[in-house]
Amino acid sequence: MILPPGTPLGKDVKEILGLDDFILELDLTPNRGDCLSVYGVAREVAALLGRPLRPVEPAYPEMGESIEGQVRVDIEAADLCGRFVGRLIKNVRVGPSPLWMQQRLRFAGIRPISNIVDVTNYVMLELGQPMHAFDYELLEGGHIIVRRAREGEKITTLDGVERQLAPGMLCITDPSGPVAIAGVMGGQATEVTGKTASVLLESAFFNPISIRRTSKVLGLRSQASLRFEKGIDIGGCARASARAAQLIVEMGAGEAVCGAVDAYPAPVPEKKIALRPARVNYVLGVDIPKEEAGSILSRLQFKVQDAGEELLVTVPTHRVDVSLEIDLIEEIARLHGYNQVPGTLPYGLSTHGIETREQLFTARIRDLLAGSGLYEVVTYSFTHPRVFDNMNLPPDSPLRNAVRIQNPLSEEHSVMRTMLLPGLLEILAGNYSRRVQNGAVFEIGRVFHSRGEQRLPEERPVLAAAAAGRTQGNWNTAPREMDFYYLKGVLEKLFGSIGTKAVNFRPETSNPSFHPGRTALLEAGGLELGVLGELHPHVSERFELPEKVVAFEIDLINLLSVSGQPVRYSPLPRFPAVERDIAIIVRQGIPAADVFDTIRKAGGDLLRSVHLFDIYCGEQVPRGFQSMAFSLKFLAGDRTLTDVEVSERIEVISRTLAGKFGASLRS
């Protein structure tokens, strides 16, 4: 190793070679692509310290001949390539770059290759402008065409991999075909080698979205694509190109041809934003004078013009992330210092909160169902369209009228739910697959029904529950099957606790999700509350559940409207009650609830309670008929009833049942 003359003996070689430098690693927010360069960071430091920023103004000698007629650039995809600057270097001498440049590239994690390639990488790190060097002699006619790739086109990139280009990808071509994937990587066919005599320097602006998509599809990311994806300074393309030419000339690696080709089909207009100082102070909660706000923006290279009560701010082209007044306010706050914003407590009167009737109602339901042994769950409001098939819904079912998500995370969560039951069944199925065969769950949530694209969807709160297996027994209670009557008992307890009007359980055979012979429709006060029953075997099979699963789904808006009846208390009876059992024979198909209601009305004030304790169909009953046995309790508040009085009431009840249902007493 030959050291410079006069190097003192014993001096640390790291200091001589410049290896004792400091390396700063900066974490940037995704919007600050302008800071992915030394000059960008220097611009921020100058603004923070209030120091002047030394401008980059490249200057170098040029050859006598002009670039005109030697290089031609056509941009056919102007929406994807906003600007393309080409500069021609002749008499190129390819070799290693200076040691200081190699060291700086290595410190930045880039491997030195040759002086020409190293200059393009160096300018990218220095100014944030990705560049590429083509072997000019290998470009057909010196003609550059920036266009979208065509069907079947391929290119072998600098890493030696042949890549298939998808139609629509932005590429750089000559008349013979692609020579580079724009903004991502150059092609091997025009690579700069030791035999290269002339190079064409590319400095361009490419659409960030296009580069991101191309990079993702090809699975190819580079330092260049990283910067293009975040957006570069379209106004700095020519400066970066001149800086690269300056470095090449200064190193003696080539001679610059006079001028440059600057294809700029639609120059970007100046972006002006009106900034209200009063708005700045309102948003930040601190008094920042208009002069200080203008000074801060000026230090950040914004052009500021005083327009009376406003500041008219011109955004520099390198700040692609600034487009609104609030963006300027953020810049002012950042340089003013967040620590300079005084902390203040929010002002407001202390008020006592109150729960609405609906909140109290749902809280009461939660407590009652949890107390009945059901576990509350919360499921996603998003679901998969296939649940409609799993629930056995016909193609024209209104429940298939779901709201589609515009940007779903996956197809599994692409529509809003119209029922709560599928989510509960998936939970039971998950438990069942893990050998948890007994369980009962419930959920209170909203379902969503589409009302067309021009209207918001209808949202309704719903209560749903599902159960399978057996209840948990204890020392004095045997386990029982969780069947239709188990959930019916849970609902009757719930209705009684929330003061619901008399609920009728009507046979239901048309619901495709439930067993046609083991399902009831719930009605009260002229409103349909919901459905209770055993799931259809096809539904259980599709969810991989045991054959017998019971469930219900209740509309909470309708339930609330028929609930809240006042609780009535009666004094303890002073006189004994008289109990009589009767058995009547009626035709099969007559609901027990209708018979029950008729008995209560016919029994009058003396009939205090009616209880159905047996239903029988067999040899002792005629074909097509059934026997219903009821326990009746009679009580008077002012006397002890006689057998004659009770018998008279029984007689009235018998005549009423015979007249309405054709019923007869069973002997």
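Just so it is clear, glycine is given a Cβ too, placed from its N, Cα and C backbone atoms.
Secondary structure at Asp327 (Mg(2+) binding site), taken from DSSP and collapsed to helix, strand or coil, is helix. For Asp321, Asp327, Glu330, Glu331, the entry in TrEMBL reads Mg(2+) binding site.
What TrEMBL records for 268-343 is domain 'B5'.
What TrEMBL records for 573-666 is domain 'FDX-ACB'.
In this model, the domain 'B5' (268-343) carries an average pLDDT of 93. For Glu331 (Mg(2+) binding site), the same-chain residues 6+ apart in sequence whose C-beta sits under 8 angstroms from its C-beta are Ile296, Leu297, Leu300, Phe302, Val322. Shown in sequence order, Asn31, Arg319, Val322, Ile326, Leu328, Ile329, Arg334 are the same-chain residues outside Asp321, Asp327, Glu330, Glu331 whose Cβ sits within 8 Å of the Cβ centre of the Mg(2+) site. Of all Cβ atoms in the protein chains displayed, 16 besides its own lie within 10 Å of the Cβ of Asp327 (Mg(2+) binding site).
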